[in-house]
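Chemist: Quick one: this structure, given as structure tokens, is what I'll be asking you about.
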């Protein structure tokens, strides 16, 4: 596979996993400059974009690249301005990536896993994250003595990964010889599958079970993966029985993770479950002010106020808006004002009717309307009282979100994409033939948009 083919596939996956705004603004036009020495050099247009991507998207891009090429490399974003100095240091000819022979090569338990910017010192505390921050700090100070496991859940871009990295940094600062692993459930799954294929399951288990702290991100992705759940169940048990700390993150609480074995769900609930909610106005302003201080930027308070008022969904999009503004100002050659800020962000400012809708939002509203439990949308039950609302929720998921058909199917218990297509066609036909039902669906859509 050529480097161009690799990067085309990476971008294809990134478009599914990263918000459309962030993908279009920062990821879409990136180029793979080189792939060698366990490092992927990725070219972007502006230095600030490179800095922001290295801080915020390194982990997710690392996981995506791993999924494509089958071995781990560290992504490093550089701007065109930095390219000359990079070439001076790295004069070797770019080589085609070579597949490594072992999936269990990485024995690094150190700080190299963690984003250097994601520490407790850089975490801005507000009402929506005060409790998760306190719980994370307690775990980092005394692993396996405070809350075990610690389960952190909340929407995308609210700081779950930041807290997990902060825990890793803190543990290793206090105990440099501690064995700490940070991974995602997708990476855990991929390594597990590869270990079976390469007959290296014992090495895989040694890696994940003979450690002091396990930090595992996005655990919801192990739903429907029976063998992975079985493996993680035994990994969890061994770590917990040996008094080792486990920290788990998810976009939803354990009880709402469909197709999760009950024995795993109950173990996730053994310790402390904390949720992170979107930041309030004061927290959003504090985040922006901290960011411009870190980057030594000069931005008028009224411009920050505009961003904080308009971007309310999550921290990632808040910082993304700031990055977009800086890029727009530089490319236009104009000073930053409130007017320029509005102009720069006009394509990403979300009105109440165009705010980002999740499949969970849709399931919640449809479930309440038809008296269907959230977990029943993912169950195998085919009674009409459940199956028909499920089809309505699938229809609305396709109409109101940008998620792919496989992703929608995954959120409804791992159903095939053809099931989603059938549901959409059926509900669309029923809407055409039944004016009363059409009004019912329109009311549901209005309620979903106004959440």
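Quick reminder: no glycine exception, Cβ is built from N, Cα and C everywhere.
Okay, these came from Swiss-Prot:
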- 1-71: region 'Domain I, interacts with DnaA modulators' (REGION)
- 71-112: region 'Domain II' (REGION)
- 113-329: region 'Domain III, AAA+ region' (REGION)
- 157, 159, 160, 161: ATP binding site (BINDING)
- 330-451: region 'Domain IV, binds dsDNA' (REGION)
Chemist: Using DSSP reduced to three states, classify residue 159 (ATP binding site) as helix, strand or coil.
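Modeler: Residue 159 (ATP binding site) sits in coil per DSSP, no helix or strand.
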Chemist: So among the binding-site residues 157, 159, who's got the most Cβ atoms within 10 Å?
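Modeler: By the 10 Å Cβ neighbour count, 159 comes out on top.
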Chemist: Using DSSP, what is the helix/strand/coil residue split across the region 'Domain IV, binds dsDNA' (330-451)?
Modeler: 82 helix, 0 strand, 40 coil
Chemist: Count up the helix, strand and coil residues in the region 'Domain I, interacts with DnaA modulators' (1-71) according to DSSP, in that order.
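Modeler: With helix first, then strand, then coil, the region 'Domain I, interacts with DnaA modulators' (1-71) has 45 helix, 12 strand, 14 coil.
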Chemist: Express the predicted model's confidence over the region 'Domain IV, binds dsDNA' (330-451) as a mean pLDDT, rounded to an integer.
Modeler: 86
Chemist: Counting only residues 6+ away in sequence within the same chain, which have a CB under 8 Å from the CB of residue 161 (ATP binding site)?
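Modeler: For residue 161 (ATP binding site), the qualifying residues are 59, 118, 217, 249.
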Chemist: Restricting to the same chain and to sequence separations of six or more, state which residues have a Cβ under 8 Å from that of residue 160 (ATP binding site).
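Modeler: The answer is 132, 152, 153, 154, 217, 249, 276.
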Chemist: For the ATP site given as 157, 159, 160, 161, which other residues of the same chain have their Cβ within 8 Å of the site's Cβ centre?
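Modeler: Going along the sequence, the neighbours appear as 154, 156, 158, 162, 163, 249, 276, 314, 315, 316.
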